């Protein structure tokens with residue numbers, strides 16, 4: 001995961017100060033890419049400990065199509081609390097767009113089901129893409145999608161994934177995003193009888209919040225450790241039937257957690 005640390009260094013050295021929506025301020029760079037070979041291990045950051053439970057439950061929540069944080073709260077996940085309304089609703093965010101995109105003709109589109117079917121039946125398609133950036137519904141979302149689209153690529157029995165992100169909280173958010181899209185790639189690969197190969201991140205406004213600068217510098221003093229492995233214990237009938245206990249991360253030996261505040 002040295003490429004992640006190199007990105008932190010890049011922002012610290014080349015970032016420009018920008019005011020932002022939260023009032024915190026950022027150091028920002030524009031247009032960056034990271035690549036992870038999934039055959040070398042599961043890309044879970046080792047220079048600080050990540051909350052694996054939150055990563056897995058959030059992805060299962062996205063895939064369920066749910067947009068209320070009740071499920072997350074029941075499973076000890078608090079990462080969406082700051083944006084939900086008093087009933088726990090977030091509006092038509094990721095889960096709604098992935099599973100029930102509302103078209104102009106009134107029909108709903110399950111993008112996840114469709115992309116998996118296309119991978120199975122038309123793997124050379126250049127349309128293996130899911131988008132959460134539904135312009136007509138952005139104003140109804142408590143937080144418009146930061147990671148707004150992802151695309152799959154099939155070659156020689158392997159599956160790669162590239163996701164696009166308009167806004168990147170590099171210290172807190174990006175490590176979660178990397179692990180989440182890696183997990184999604186493993187799951188889709190298993191459902192399609194493929195092997196996971198590569199994960200690619202493409203970011204637009206890639207930034208460090210000003211109240212994360214010292215934490216980033218601390219992280220840069222730490223040496224990356226060997227990547228853990230992901231074990232998926234069973235293959236359910238569909239991607240929507242995975243359970244939390246189906247996943248096991250082994251040989252994860254991270255440096256201690258580094259506390260940092262979320263900018264809302």
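The count begins at 1 with the first shown residue.
From the backbone N, Cα and C atoms, a Cβ is placed for every residue, glycine too.
Per Swiss-Prot, the dUMP site holds 21, 126, 127, 166, 167, 168, 169, 207, 208, 209; the candidate it also names there, chosen from 134, 156, 177, is 177.
Between the alpha carbons (Cα) of residue 209 (dUMP binding site) and residue 263 ((6R)-5,10-methylene-5,6,7,8-tetrahydrofolate binding site) lies a span of roughly 8 Å. Here the C-alpha separation of residue 263 ((6R)-5,10-methylene-5,6,7,8-tetrahydrofolate binding site) and residue 167 (dUMP binding site) works out to 13 Å.
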